[in-house]
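Have a look at the structure below, then the notes.
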């Protein structure tokens, strides 16, 4: 760069050497654009910034700093600035150039904005005068702010420096510049002019761009250099739409029209929060204390529910069955009564306590039978025998999610993944059980979700993805209440052409029910009901789907139908108990009319009972305005007493 | 006796939880075992009034009005947010993260609230 350093260019003679000093400082601009884009930066915008004396000093300081710049009137400049500036503003520019005013006054006159926030025309004139080196890229905003300083052409830096320096040198201007450069290019000019407070249009990028283009036209000497730089310009141009898009996002994220309303919104929210906590010692999100990792790390088992050993029914009609496990499988296959199936599997594990498959099927049957607690106990037992049983792990994760033990559910899914995809997470790396606060739980969720996503990406295409991974992902998204994503996952599992354990014929009704439950909890009850119907078409005795159907009916206000479904579900439980009771009577050889025998038998058949159905039914009756019926709903009540009122 | 306070519409949920707890002895014992804490709730309604309830899952397994002597954890939130929480439309974690739920006492215990609140919720199951 001979014109910067040569003997012919003394410090006094060449203004560029002055400017080159500031090149180092100019980085703030890049930082501002790419880093400091947060709401804080937007809020510091010049619109709400009051004029302050230091700024004026900066401007004056700048002007006096280069005394050896010749004072050439504006009109003598090769490209006439007013050609490119709005006529009404140009009117101001002319007289002003002729009659010297203080920079401050001229700014106000020319731009009619709060003082101290604008270029002065003089400054602009000086700046223009230097167009001997004007090889500025057509879009200064994009190029200056996105290219690393080192990559910038040297000839451009001197130009950029005087242009931005007065603004950047005061911290107040830093936030201002970013938003302005960002917003202006995408705003139509007329629209902007309409608003009183946005009369800064003449600083608009496109204006400057035109200006610079003009300068380029008049600048013959440096054509070659310019040609060398066209590549960079193109880059800058290509960058522009992307940046504009980012700006739009920035806008839409806030959801507010302008900065002031954002600020007002924040203020209001703060007010409300302050209002809420008058007591100092409440744990707040921002005081960081809850994030203390020393909390409960070694509490081991503390976080999950306390799982007790599985409780068997005392009398079991399958006790003397030759192969109760096969019998249970047959009942499940044929869509038979789930309570019966559970009894068959109970008999199987009583015969052979190490029969893992029987334990898993027992858990699965109890979960489908809307007896979550029994399911958890059975599945945990299965894992004691075989810690790597995939079906048991997945079933447990689902059950824990249903019961609200989210962190345990996430860890269980992690274990599942480590067994099936050890290449993604080694079994040794799974998270240790620990009591968790909200933040740790969110972190765990994110971690496990990412692992599952990684596993999902192993599949070559949508049709061949592992449906089980999709189910796991679905459960994870469901836990985080990201229902739309969960719906996608369950649907993907249903449509996958790869046979996994979750979409095999015996389990596909579970998948339909999971899809339905997710839809229901995201407020899409009608679609959910369609999914439940599919599940029930496959397995008519699927108590959980029937219960869920009842819940969806409640949600859409069909209380009578809801009660019908819930009673039907209860009846499925009860019918087995009844038939068993008859049999028990025979076994015990008691008189049918002896009430004390009934009580004894009752005690035998109530080991695994779900109160969910009763609770929900009671709620339905209350919502229907039938407290008389609600009173009658006690655990163990015979649904037959409601037959007159409801069809089921 | 109803635990509901008409000025706090969402407080009807305490009756729900109470019914669920007292439905059977086994349920109550189980809830005590799993919860093992006294949860106090201080709700604030739109008019700015506050009222407290508690769910004792440590000693008796009951729901009552007023602040208990030694709550394991106290949760402070608005009546509307509590209603959303009970309806399953909001979750405690998100309320907490956004500062709408304040917690005093053992924060870890607060995460155990989900299984208890599930008892009062009518929510579909996977």
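Quick reminder: no glycine exception, Cβ is built from N, Cα and C everywhere.
Annotation source TrEMBL lists region 'Disordered' at A:33-73.
Mean pLDDT for the repeat 'TPR' (A:356-389) in the predicted structure: 91. The repeat 'TPR' annotation in TrEMBL covers A:356-389 (among others).
Long-range contacts of the repeat 'TPR' (A:467-500) within the same chain, counting only residues at least 6 positions beyond its ends with a Cβ under 8 Å from a Cβ of the stretch, are 390, 394, 397-398, 401, 406, 409-410, 413, 416-417, 420-421, 445, 448-449, 452-453, 455-456, 459, 508, 511-512, 514-515, 517-519, 521-522. The repeat 'TPR' annotation in TrEMBL covers A:467-500 (among others).
Tertiary neighbourhood of the repeat 'TPR' (A:509-542): same-chain residues 335-338, 368, 398, 467, 471, 474-475, 478, 481, 483-484, 486-487, 490-491, 493-494, 502-503, 548-549, 551-553, 555-556, 572, selected by CB-CB distance under 8 Å and a gap of 6+ residues from either end. The annotation repeat 'TPR' is assigned in TrEMBL to A:509-542 (among others).
Residues of the repeat 'TPR' (A:509-542) grouped by DSSP class, helix first, strand second and coil last, total 27 helix, 0 strand, 7 coil. Across the repeat 'TPR' (A:467-500), DSSP assigns 26 helix, 0 strand, 8 coil.
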